[in-house]
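Asker: So that we are looking at the same thing, I have put the structure below in structure tokens.
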Amino acid sequence: MSEDKPVALRLEIVARWGKARATLLHLPHAICETPMFMPVGTQGTIKGLTSEQVEDVHCNLILGNTYHLGHRPGPEVMKELGGLHQLMNWKRNLLTDSGGFQMVSLLQLANITEQGVVFRSPHDGSEMVLTPEMSMQIQNCIGADIMMALDDVVSTVTTGPRVEEAMHRTLRWIDRCVEAHKRPHEQNLFGIVQGGLDMDLRSQCLKGLVERDLPGYAIGGLSGGESKHHFWRVVDKCAAELPENKPRYLMGVGYSLDLLVCSCLGVDMFDCVYPSRTARFGVALVKTGTLILKHREFSKDFRPLDDECQCMACRNYTRAYLHSLVVQKEQLAGQLLTAHNLTYQMDLMRGIRNSIIEGNLDRFAQKFIDLQFPNGDCPSWARDALKSAGIDIQ
Amino acid sequence: MPMRKVEWTPSVTEGEARTGCLSIVRVDEQGNHIDRIKKIDTPCFFLGSRAGAPPNFTVDIWNEFKKKCNAVQIEAETISQFGRGIHDFIAVGEKQNNFRPRGKPEATGEERLTETAIYLSFRDPLNYNSICNVDGLAVSNDAFSFVVRQRGKMKLTTHQGVKLLKDLDGDLIESISMDVPYHVTSKKMRRSVDVSIHILDKILESNTGNVLGVIQGGSDERSRTVSAKETAKRNVCGFVLGSFGLGEDLSQQSQMIRWILPHIPAEKVRFIPGIGTPLQILEAVSLGCDVFNSDYPHLIGEYGQAIIFSTDASVDRPYKINLRDRKFQLDQEPILKGCTCYGCQNHTRAYVCHLLATHEMLANVLLSVHNCWHYLEFFREMRESIGRGGFNRFKETFLERYYSKAEE
């Protein structure tokens, strides 16, 4: 590794179990324990929670969204206010995406050219371009501890030359990103491995990114409707080929089974809106799966969501109370369930981490599967993936 | 089994305005005093709740409020079946060990006195347009119906209503009564009095100590007088001035209060739910009302506004600010400098402005917290002014500053 490359992070591997690893990721605002889940605070807030409550779920890194924050309050205001940490009074780490994904997912008129992502402004209909340079400029204003390179995202169900084109473009854009990034001593720029479901393209992209010696790498373009059998094989391959001494981030993954499997395959970081979004729909995540609190069966259920959970909702309220909030469509229901679901995710990740350190990840995985799939109906892809990670599910 | 009893002790009076202390005490079956469990200084404001908590308040935020305010509504049936009373169910007050918030030891001694007291009302404390509907009642046949649930009316017999109040086990119980809007026929006003007294008697048969009688009668002087006199004859721990905030203007409000107060004993607490602007409150306090409840501070927040008025004559501050205004997007000051609420201690106007622009839930949380906090501060300052004999000046200063021009 060249010593002169500016980085703002350090990765310390604490323990390994098979392909999985437990690390300490030293970032500018806090040390993170991995494998970790990172809640999504799209517009500078985790929906409904105060910063203090997010700290209470023992969360050291949350996501902000460049597309949304670039629109409101906008880079100028953000810069003037001293960045997103300042604006939202968040003392721990932040990560921002490139803004490209929303252009593709939210906007029908997005078109990708060599220059950047061309899209029609949803506000005034004018044509705008998000270039790698602009993405960097906005992310530099936001000031997150980790920022993501602008990549050319194609849907995983796309096949043919478009996938290859996207992969090559992603590599060309990474150089423009590195060039445009003004704060490499404070902010870590991660590259994103693309290449769809094609293992050769993934390999090529990965090699190209690794040659650029970036502070960390993400596996992108997944969880877009592809089959889970393809999904885990791509994750497995990328995790195996990414350098040991750099953090590995799997983008957009947040179902608990996926978190377990991909941690076993050697991924360090995950993000997803699932736990907080599902909370707002009145769904609680528990060890045995989910509780849909609007169901009448909970109206007279006076137990907490989870006996062992230490979150604000479980310590203070019954399922019956939460049921009454959910059916009356109280905002408070979303607040309490978000706090619970995030605590659940954090506890799950801590459990995975501890079992890596204690050397019993296989037993942890077995127990997790037994609780989530009591009828032995664990999906075959998960069995295959865990088997490749050295864990035989009974 | 110990029962709750409500006492009110006056301390200072200035004209008709008065301060005092509302205590919830426990007594044994013979009526002997066991201990005092809650203490609330008056004049005060009871925060309204929806579904068991003030809107947007999680338990940690609620804990912050305990020293300032005490009081909270929920679907009654469920709590009945819960079997441990409303305090436990909504995690306020005398909680079981396993439901204590993290790191918070069991409250003891003086600290317990600041635990939240729960006031049970049949009128939605945050939506005064939906009034307790006792229409369709035939006093003789003992059945009545009213709005309790967001999903519609629920029919209850008096017997069921009485049992419900017992199961809920609140600290203060408002007798079930019939609210009427300001402009209704005087026949309806008279009926509201008869119905309310009838139900009060039923409730008092089985429940004692902590029942407040509701004075009805709408805008009819005779009905109000009758209602006040009849209610005063009964063994109630305090009085609720019913059907306020239902279309009357300020002078009509004062008029109705003046009709009632001479007929009820001064040594009992007077609760007037439904009126909420500082102007209405100052007026009602000056006439001798003690306890208030309205949706005002929450409502202001829903418009994206923060109240920042000052009661100190030497401080020049507007009544409120509209945080949706883009002029605040770079404002790094808290909503109100010096305010000790969670929002002001942790966040800036710029952040709230951003949260409002992006329609984020946290905007409602921070605004509710600030507005309720500031409002409760206003009550504290008002109590202090009565305490030192300066209420009249306090009131004049406030009216001069904020109501002389057409400002709100």
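Glycine is treated like the rest: Cβ placed from N, Cα and C.
Note that the coordinates shown come from a computational prediction; the quantities given were computed from them, not determined experimentally.
According to TrEMBL, the feature domain 'tRNA-guanine(15) transglycosylase-like' maps to B:137-403. The feature Zn(2+) binding site is assigned by TrEMBL to B:Cys339, B:Cys341, B:Cys344, B:His370.
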Asker: Which residues, same chain and not among B:Cys339, B:Cys341, B:Cys344, B:His370, have a CB within 8 angstroms of the centroid of the CB atoms at the recorded Zn(2+) site?
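Answerer: Surrounding the site, in chain order, are B:Pro334, B:Ile335, B:Leu336, B:Thr340, B:Tyr342, B:Gly343, B:Gln345, B:Val369, B:Trp373, B:His374.
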Asker: I'd like the Cβ neighbour count for B:Cys344 (Zn(2+) binding site), meaning other Cβ atoms within 10 Å of its Cβ, all protein chains included.
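Answerer: The Cβ of B:Cys344 (Zn(2+) binding site) has 23 Cβ neighbours within 10 Å.
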Asker: Determine the minimum-neighbour residue: among B:Cys339, B:Cys341, B:His370, listed as binding-site residues, which Cβ has the fewest other Cβ atoms within 10 angstroms?
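Answerer: Each of the binding-site residues B:Cys339, B:Cys341, B:His370 was scored; lowest Cβ tally within 10 Å is B:Cys339.
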Asker: Using DSSP, would you call B:His370 (Zn(2+) binding site) helix, strand or coil?
Answerer: helix
Asker: So, three-state DSSP: helix, strand or coil for B:Cys341 (Zn(2+) binding site)?
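Answerer: Reduced to three states, the DSSP call for B:Cys341 (Zn(2+) binding site) is coil.
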